[in-house]
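Everything on this sheet refers to the single structure shown next.
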Amino acid sequence: MGCCYSLSSTVDPVQDHTTDASSEPRNGGGEDPPLTKFSFSALKTATNHFSPENIVSDQTSDVVFKGRLQNGGFVAIKRFNNMAWSDPKLFLEEAQRVGKLRHKRLVNLIGYCCDGDKRFLVADFMANDTLAKRLFQRKYQTMDWSIRLRVAYFVAEALDYCNTAGFASYNNLSAYKVLFDEDGDACLSCFGLMKEINNDQITTGSVNPENVIYRFGTVLVNLLSGKQIPPSHAPEMIHRKNVFKLMDPYLKGKFSIDEANVVYKLASQCLKYEGQESPNTKEIVATLETLQTRTEAPSYEVVEMTNQEKDASSSSNLSPLGEACLRMDLASIHSILVLAGYDDDKDIIELSFEEWIQEVKELQDVRRNGDRAFVEQDFKTAIACYSQFVEERSLVYPSVYARRSLSYLFCDEPEKALLDGMHAQGVFPDWPTAFYLQSVALAKLDMNTDSADTLKEAALLEVKK
């Protein structure tokens, strides 16, 4: 049975639904933009029966597909899980609210589908991928510092507009919700504005405007570091590193330390590190606006990055390690890492004589005990030994992080495994093993699209070696 409620404005689904994503904010006058009521069959046709090949995001139980309408235009279609939005009237009312929003930094919501227990949203399609892909799965070109500053500013503008329009909360704000339009400019996905508030969320405070500020802080940490950091670990990244250690190694010598310090301080405030008071959206916009010194920063570089990656997307045969990671065969991965030993570390870490003197025998014994436990598949002991080694050394072999990462995977702790894969990448930025292990951890976390992208990047790095 179809939904019994309809919005006041509907448009024939075959008409052109492309809207100007660069339009200025709506003023008080004029008519509200219409929302199209799509049939389930129309969306099914647009996505080729919701083919996995058309999935562009599966970060949560809600999946986003790329669809093509009868007029040839592309759209993004979000499919909610069957447990969401049980009240169709509430769903339509909220879709109507979001559909009225128009801002040059916000992706337009253009339609919906409410068919039985099925719920869908339809938005303009952004052709140049997400910030997450630009930062975490980059292959050839590092995102310029000036572009990162513009991304932060544009997202802050979008959040401030939404807050002013009465949308104080945003569902799981992250680098995956920041999209790039055809001009290479950053826009915030409108899908995150659709939140079904239940009594449990109200009680726990999970729907809280301050959550948006915190999550924006994690995006700032992403932009500084170039790394995928779970939101719960973002304060730890700020706490353990100064701005020099946090910065993306690919940006070395290519950024302003004064500007980076401003972003670092703002991220600390958003994450409430050391009890700092969180800024509001207008204060965030004002701070980031002062950093927009390169208004001519070429957004087309983002478009060029996309084109380069499409040219390089033809995957070659995977190595034995790549095949094992694709199969998520932990036993085979273990055998390969044991056989490799520390060979890959030789070109990365060369201890000076003074460092060798400081490397006391007891600490080396701790690592050897960890290695012995790792070989014998006593992974809890390996984790304990490697953790002690990591805590007492300023410079850690990337293979230690790799071995602890795999140990965490065996112990069913994929989030910690992902962090260690990132730590290994931080020491050795172009090490395929670090990316391979991250791909397995991402798959364990049900982040399948990101896992596939990371696996592909590892394979490309392996070819370049």
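The backbone N, Cα and C atoms fix where each Cβ goes, and this holds for glycine too.
The annotation compositional bias 'Polar residues' is assigned in Swiss-Prot to 1-12.
Positions annotated as region 'Disordered' by Swiss-Prot: 1-34.
For Gly2, the entry in Swiss-Prot reads N-myristoyl glycine, with the evidence type experimental evidence.
The annotation S-palmitoyl cysteine is assigned in Swiss-Prot to Cys3 (among others) on the grounds of a curator's inference.
Annotated S-palmitoyl cysteine per Swiss-Prot: Cys4 (among others), in sequence order.
Annotated domain 'Protein kinase' per Swiss-Prot: 50-291, in sequence order.
The annotation ATP binding site is assigned in Swiss-Prot to Val56, Ser57, Asp58, Gln59, Thr60, Ser61, Asp62, Val63, Val64, Lys78. Sequence-distant contacts of Val64 (ATP binding site), defined as residues of its own chain at least six apart whose C-beta falls under 8 angstroms from its C-beta, comprise Ile55, Val56, Ser57, Asp58, Ala76, Ile77, Lys78, Arg79, Phe191.
Annotation for Asp62 (ATP binding site): same-chain Cβ neighbours under 8 Å, separated by at least 6 residues, are Lys78, Arg79, Phe80, Asn81, Ala84, Phe191. Secondary structure at Asp58 (ATP binding site), taken from DSSP and collapsed to helix, strand or coil, is coil. The domain 'Protein kinase' (50-291) scores a mean pLDDT of 86 in the predicted structure. Within 10 Å of the C-beta of Asp58 (ATP binding site) there are 16 other C-beta atoms, taking all protein chains into account.
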